[in-house]
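Engineer: The following block contains the structure, expressed as structure tokens.
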Amino acid sequence: MGRSQAVPRGSGGFGADGDDTGCPILHVDMDAFFASVEVRRDPSLRGRPVVVGGIGPRGVVSSASYEARRYGVRSAMPTARARALCPHAVYIQPDGAAYAAASRTVMGIFRDMTPLVEPLSLDEAFLDVAGARRLLGRPAEIAALIRQRVSDELGLTCSVGVASTKFVAKLGSTRAKPDGMLVIPAGKVLDFLHPLPVAALWGVGEKAAESLGRLGLRTVGDVARAPVRMLRASLGEAASAHLHELSWGRDPRGVSPEQVDKSIGAEVTFDTDVSEEVVIRRALLALSDKVGVRLRRSDQVGRTVSIKVRLADFRTVNRSRTLPVATDVAREVFETAWALFTALQPGDRIRLVGVRVEGLTSASGTPRQATLGEPEHGWRDAEAASDAAAARFGRGAIRPASLLKPASGESGGLSSRG
Amino acid sequence: MKFRVERDALADAVAWTAKSLPNRPSVPVLAGVMLRVTDGQLGVSGFDYEVSSQVSVDVQGDADGAALVSGRLLAEITKALPAKPVDIAAVGAHLELVCGSARFTLPTMPVEDYPTLPEMPASAGTVDAAAFAAAVAQVAVAAGRDETLPMMTGVRIELNGSTLAMLATDRYRLAMREMQWRPDDPEISINALVPARTLADTAKTLGPLGGDVTLALAHGGAGEGMIGFAGGTRRTTSRLLDGANYPPVRSLFPASHNAEARVTVASLNEVVRRVALVADRTTPVLLSFSDEGLVVEAGGTEEARASEAMEATFSGESLTIGFNPQYLLDGLAAVGSQNAVLSFVDAFKPAVISPAGDDGEIIPGYRYLIMPIRVTR
């Protein structure tokens, strides 16, 4: 999503009917996913600018319909700014459960095509369809089939890039948006790539684009033809080698279906900066609870608990502690997070707190060291029972007592990253 | 201050005192050792507000007085000196040290800035030094090292009449030793939570000196919150940990057991050590006991696996139980006997290792409890 500004739209000599020989990689990206799900739920929104995002004063846009984008609204933009740009848009608080359900259906369609599906997020994935040829057809045919089924079964649109590498396929889907597909023939990758601005390269953000610009390198072609030595001086060893490879369309990464989470975490930005310990404690408890649920749902345990604290002046501090025994128990995550926080004594007002569990391993394969005097049924059982109740009655059916009355200063929406 | 002292006596005294000095002293003077000569006695002392160490050495004193010098530097110097008498004199703001043809000049720190060492609390009784050192080593191994759980980093000493009991646990294992001692007051009943590291270090240096160790522990009044140990010419005081809420850990020893294995400590130790080579820090060694003996197995998260069978006399239903290999090895090393009895309730309840005599009978006085690792949830 973040790359979209860097890639100009329009066919530019490439289209849906290019030669797809040697192009087994598909990148499928749902169009304005969250906003489209909301429109599908309430058809009266069709054709109107729709913005899904945090409604609070510090909310951030998660997704904007193409009608809203015409006014300059973009994802990751503060909602307040979106409101200034497009005051008449419909603003909707994200409904994670609805998007997750739609995402499961979409991913299910992908997996009907090939087992080699690598989801990048709820709304995009790489597919390797090399092995599906005899069953389902050529890559471009499979791409068309996916677009057809997503439209028929979900009433949503998506865009597909078909190419020989992941990197180019992703650029292709961006270029095809919305509701389109683009084949970049294996022999024409450089024709496609070289006119693009440097920001289209994976790993080039604002800073890197700036330093490349100072060297007079504005397009991918400029980077490709620049001596690697020159890149190295401004970007460093690893990044320069990486960019040089990409600029020649070389991306050796395969589609790996087992995208194992390295960590599970959640964070919350307070509506107004807070200093009251009780508010922070409650936030850490809610975040730990959320992290615990996600750990147990994914059958994982982790040994390292870390907290992130962003102060009012945007200074950010991280602290972590490794437990003797891996856990998926929210109570243990919280106690560690709270100990880390109290030891930190930030001494300033706090804008954001986050809790993360790292060093994940599969729960069923991880031996668990028993603790002396632990009750036969401890927190883990309590939380498992709460998971079961939540599965039946919805999240929030059972929560820690101190979370029952949310403080007025907290926003309901917890942003989280996998 | 001016005196002559034997090289070995000085080196021992300084090395022992310097060991308890803080690595990063809160005030510079705490990095020093105090040398004080009075009436032919040299007192060497160190202090870090938690622990104080004092030792006295016979010297040929020419002039009484005191000097404060860097403990670490003096320890290194005395260790390296030739085996000749050492002459030490305070000259202005410096300490002159001459040994054979070697001569050192060390800067001194102001003696008056040095804090007053805490008084030794009143004596509570005495215990055989070597036996005490052995007992402390058996217990301290189970204490925790995690400073966020301060209570677990201590050894609890319980003095009840002529019984001295010591307990330590890090929540995963628990060691308990009971022994006889000679209390000054036969009706004594006091508990104290002593930092395990300090206790272990102190007992280790007092043990080889032989004779008795005096335990000094105040109940109420002066010296409250302190414990002292005196043996030979050495004295250590330590601040106590807050043990008011120490959990009632004795009750964690299972009241009865369903199975029991008799093993040779050295063989089991060797087998576990070998098999554990493939286990990483969080994976257990699995012990499977049956009528045929014992099989020890381990498998890391990668492909590496190991197993080995050994003799064991087992009574009860066949049982497979997993332990952290290091906890198990610690326990086997701590029993201090050739044979050991392992008793079990089941694979999920704490197991107990006890020392056993040649006849296979449990030798009372020491128990090491170890929590199993559950392999599947």
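Cβ coordinates come from backbone N, Cα and C, glycine included.
Owing to the predicted nature of the structure, the values given are computational and were not obtained by experimental measurement.
Taken from TrEMBL, the feature domain 'UmuC' applies to A:25-205. Residues annotated as Mg(2+) binding site in TrEMBL: A:Asp29, A:Asp123. Look at TrEMBL and you will find A:Phe34 tagged as site 'Substrate discrimination'. The feature active site is assigned by TrEMBL to A:Glu124.
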Engineer: Distance between A:Phe34 (site 'Substrate discrimination') and A:Glu124 (active site) at the Cα atoms, whole Å?
Structural biologist: 12
Engineer: Note the mean pLDDT of the domain 'UmuC' (A:25-205), expressed as a whole number.
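Structural biologist: A mean pLDDT of 91 is what the model gives the domain 'UmuC' (A:25-205).
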Engineer: For A:Asp123 (Mg(2+) binding site), which of the three DSSP-derived states applies: helix, strand, or coil?
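Structural biologist: A:Asp123 (Mg(2+) binding site) sits in coil per DSSP, no helix or strand.
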Engineer: To the nearest Å, how far is the Cα of the residue listed as 'active site' from the Cα of A:Asp29 (Mg(2+) binding site)?
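Structural biologist: The residue listed as 'active site' to A:Asp29 (Mg(2+) binding site), Cα-Cα distance: 4 Å.
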Engineer: Within 10 angstroms of the C-beta of A:Asp123 (Mg(2+) binding site), what count of other C-beta atoms is obtained when all protein chains are considered?
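Structural biologist: Result for A:Asp123 (Mg(2+) binding site): 24 other Cβ atoms within 10 Å.
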Engineer: Reduced to three states, what secondary structure does DSSP give A:Phe34 (site 'Substrate discrimination')?
Structural biologist: helix
